[in-house]
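Visitor: One structure, pasted below without further comment.
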Amino acid sequence: MFRNYTDSVQEMVLRAIDSIRDSVINASSAVSTTTLPPLDIPMTSMKPPSIIPTVELVLGTITYLVIIAMTVVGNTLVVVAVFSYRPLKKVQNYFLVSLAASDLAVAIFVMPLHVVTFLAGGKWLLGVTVCQFFTTADILLCTSSILNLCAIALDRYWAIHNPINYAQKRTTKFVCIVIVIVWILSMLISVPPIIGWNNWQENMMEDSCGLSTEKAFVVFSAAGSFFLPLLVMVVVYVKIFISARQRIRTNRGRSALMRIQNAEGDDDYRKMSIKRASVESARTSSRVGEKTPLVIADGQTTVTTLAAHSTDGGSLPKDETTKHMKYHNNGSCKVKVKDVKEDEGNPNPTAVLRKREKISVAKEKRAAKTIAVIIFVFSFCWLPFFVAYVIRPFCETCKLHAKVEQAFTWLGYINSSLNPFLYGILNLEFRRAFKKILCPKAVLEQRRRRMSAQP
């Protein structure tokens, strides 16, 4: 019964595709009789689409729909978060908006047509005009997604390598210009087949719709869409990683130097503190009756004194030994020296430096892991497709199975669904924004509890 149901669904889809194809062909033929020359691409040699096995049809359709849904939801959240959550309204996040827009367009205009082709048994039944639109949009949107990733990498590199100058240069106008350049380059790579740099007539002799296999265009588009951006991303992220490692070593060197200086200065500091206490206690003023406590602490030994007629109004932090002071009416005072433990409120500078060093190292390790994940995911998703894309025109016998080719194509599309997670969810501010968008009641409740817990 289930098999009959799926077969009937597939037959309904095929009939709908046939009607759409007929309308497109009629429209294109009507236009060609008035303005354009007719297309010399025979569509009569189409073979009837093969019937996909039931399990493959169901699992494949569900998988593709899940990928589309993840891409749409994830990238929509990124766009909404940047424009609605105040901490994310930063000019550098416009690169993420451009990336999300291109990935969202891939999910809306490109992926569904692949699903239709899959339901039709791997046959293209939508006509030549739709095929040309489909292949052009595919190249344009996927290239813009990849080039946006490259722009994000360059933005991070400039921000780390030359932070002062780039902070002044990174304005809204500058970022928008870079984004426009990304989309113009994507158009320059995707438009040539439309103006004649193609061999579509050879590819569309049968019921299929594929990218142009013209050798020069394949090399040009593969280099501009993937291999050059990949090279830029690898070089830039490696430089970022090296810069981070150098910063860690520099911080460690400074910490070690400050520890040595701190250790050498301990004895001198204690002597100066005691001497200063004796000097300050001897000072008097004409302002009779003014009492100013003077407490000097060095972390190991505390010297406490009181000058009844002091001209200095300053005091260092009070210590618990102040209650043991004794003073006389003639302006003199007794000084008690008492060994105390290190004040918990004033930790050792060396410990503070070590703590900061650990935090810095942890941040740099997380950044390095993020860089490694970004490069790995990008290469893993797109490298198989572009390797097969480049080899195909130069090796006629190296023909991939249709299912393998389809898997490579969808693996590249998966990158568009993973980008929101890599560039958004790994960021704490984006996680907070997503939580605020998806669970506003939980965020309000958490804020109320936090406010009620405060004294």
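The backbone N, Cα and C atoms fix where each Cβ goes, glycine too.
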Visitor: Answer yes or no as to whether Swiss-Prot lists Gly121 and Thr172 within the same topological domain, that is, on the same side of the membrane.
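Guide: Different domain labels for Gly121 and Thr172.
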Visitor: The disulfide recorded in Swiss-Prot for Cys209 goes to which of Cys131, Cys142, Cys150?
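Guide: As annotated by Swiss-Prot, the paired cysteine is Cys131.
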Visitor: Through the lens of DSSP with three states only, how would you label Cys209 (disulfide bond)?
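Guide: Where Cys209 (disulfide bond) sits, the three-state DSSP reduction gives coil.
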Visitor: Considering pairs 6 or more residues apart, do the transmembrane segment (175-197) and the transmembrane segment (94-115) have at least three CB pairs under 8 Å?
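Guide: Yes, the transmembrane segment (175-197) contacts the transmembrane segment (94-115).
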Visitor: Residues sitting near the topological domain 'Extracellular' (393-407): Cβ under 8 Å, six or more positions beyond its termini, same chain?
Guide: 114, 118, 122, 213-215, 218
Visitor: Within 10 Å of the Cβ of Cys131 (disulfide bond), how many other Cβ atoms can you find? Include all protein chains, please.
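Guide: Cys131 (disulfide bond) is surrounded by 20 other Cβ atoms within 10 Å.
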Visitor: I'd like the per-state residue tally for the topological domain 'Extracellular' (393-407) from DSSP, helix first, then strand, then coil.
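Guide: For the topological domain 'Extracellular' (393-407), the helix, strand and coil counts are 8 helix, 0 strand, 7 coil.
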Visitor: Does DSSP put Cys131 (disulfide bond) in a helix, in a strand, or in coil?
Guide: helix
Visitor: Same-chain Cβ contacts of the topological domain 'Cytoplasmic' (429-455) under 8 Å, 6 or more residues past its ends?
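Guide: Residues 77-78, 80-81, 84-85, 87-88.
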Visitor: Please spell out the DSSP helix, strand and coil residue counts for the topological domain 'Cytoplasmic' (429-455).
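Guide: Its residues fall into 24 helix, 0 strand, 3 coil.
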